[in-house]
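A.B. asks: Following this message is one structure expressed as structure tokens.
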Amino acid sequence: AVMGRNLALNIESRGYTVSIFNRSREKTEEVIAENPGKKLVPYYTVKEFVESLETPRRILLMVKAGAGTDAAIDSLKPYLDKGDIIIDGGNTFFQDTIRRNRELSAEGFNFIGTGVSGGEEGALKGPSIMPGGQKEAYELVAPILTKIAAVAEDGEPCVTYIGADGAGHYVKMVHNGIEYGDMQLIAEAYSLLKGGLNLSNEELAQTFTEWNNGELSSYLIDITKDIFTKKDEDGNYLVDVILDEAANKGTGKWTSQSALDLGEPLSLITESVFARYISSLKDQRVAASKVLSGPQAQPAGNKAEFIEKVRRALYLGKIVSYAQGFSQLRAASEEYNWDLNYGEIAKIFRAGCIIRAQFLQKITDAYAENPQIANLLLAPYFKQIADDYQQALRDVVAYAVQNGIPVPTFAAAVAYYDSYRAAVLPANLIQAQRDYFGAHTYKRI
């Protein structure tokens, strides 16, 4: 409801009159009461709401993904005309969007599955928008979407046509997977700085402030520095009194499931999903901590040196995560015939969304230089960072393993990097085993 309200207010603020409808009359009245003088026109029946719109109608749905979306579409259909456009701005599973696009197209309606990132504030002030569906229908809604989207530093709106049917929601799904990876990498960096150097929250805030002024400049690093200094009403640092169980809404899981379907090694993002799952086993972890032994953690040595190693490890880990995510976008584009433009996708992530970061311009540049590049790690800028920073990543992972500090995504980054650059892997033995017990055959060199 909040996302829908904020998007309506965003659209209204760009000079449009907006018809609004909610199943709950009270919620509709609440929005009107809280926003006097706005060009928001309330309707209390679906029929009146639909009939209030100019044709071709442009209807933005912001409902909970799943059965609720189908129910909302079914309630609209009796009053729609051929050529009307439904835009689904929810966190919808892309296969559902493909199905709805097919079904509605057969009935003469247009359906645009649209990823919207930026949370409640982004919805109000300007989100990153990822629309997928019929190109001609997109052209009819593009003027509105362009006006309400976030604007990058170079003045470009953070919206672009992604591709047919489920392409927009697929890109939003991978965006969310990358978000999981970013957050877990940052959490592991925090754990290392706390465990290895015993940094105070004030020192952590200072460290993240410095990081945010360099290569790691991003929304997530920016909010993390603020989190470290936040205190509760009793004067305690808030981060220290928050239970260590990270919840999830399932979009990270979808990204990993799709990777398995496509045969893509999305190891870092998948480890970030599993890290949330193991965090939720709090009671088991507390019990296990009293039974299972581990090494006694030793100090990490020189403070400035270790902080810099963790910074480098975090940046290279982030690059590996994005390399995996964009590699998966390439595989999905081929599988679903979407013809994705990876440079444009990186561009619209530069503002408005949760993963917005300075280094996204480097991804856009890499694809501008070579649109067919198989993996971002092969692009000159990222290859150079890998050359310069891999030792720091290896040192940090080695320290963590020796001292019993879990770093699943940092470790996944090293393993992926070394596997990807390996001309020969021990998979020949696995294939021999498969042939031995199952006559699966093998290829000779």
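Cβ atoms are placed via backbone N, Cα and C, with glycine included.
Fair warning: this is a prediction, and the values are worked out from it, not measured in the lab.
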A.B. asks: Hey, Swiss-Prot has NADP(+) bound by A1, V2, M3, G4, N22, R23, S24, V63, K64, A65. Any idea which of N91, N101, N110 it lists too?
C.D. replies: N91
A.B. asks: Same substrate site as N91, S117, G118, G119, H175, N176, Y180, R276, R434, H440 according to Swiss-Prot: which of K135, K194, K249, K303?
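C.D. replies: Only hit among K135, K194, K249, K303 in Swiss-Prot's substrate site, alongside N91, S117, G118, G119, H175, N176, Y180, R276, R434, H440: K249.
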A.B. asks: Who sits close to G118 (substrate binding site): which same-chain residues at least 6 apart have their Cβ under 8 Å from its Cβ?
C.D. replies: K125, G126, P127, S128, A150, G352, C353, I354
A.B. asks: I'm trying to understand the geometry here, so how far is the Cα atom of K172 (active site, proton acceptor) from the Cα atom of A1 (NADP(+) binding site), in Å to the nearest whole number?
C.D. replies: 20
A.B. asks: Tell me the Cβ contacts of H440 (substrate binding site) under 8 Å, same chain only and six or more apart in sequence, or just say none.
C.D. replies: Q431, R434
A.B. asks: Tell me whether G118 (substrate binding site) sits in a helix, a strand or coil according to DSSP.
C.D. replies: coil
A.B. asks: Among the recorded positions K64, K172, H175, R276, which residue has the largest number of other Cβ atoms within 10 Å of its own Cβ?
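C.D. replies: When each Cβ's neighbours within 10 Å are tallied, K172 tops the list.
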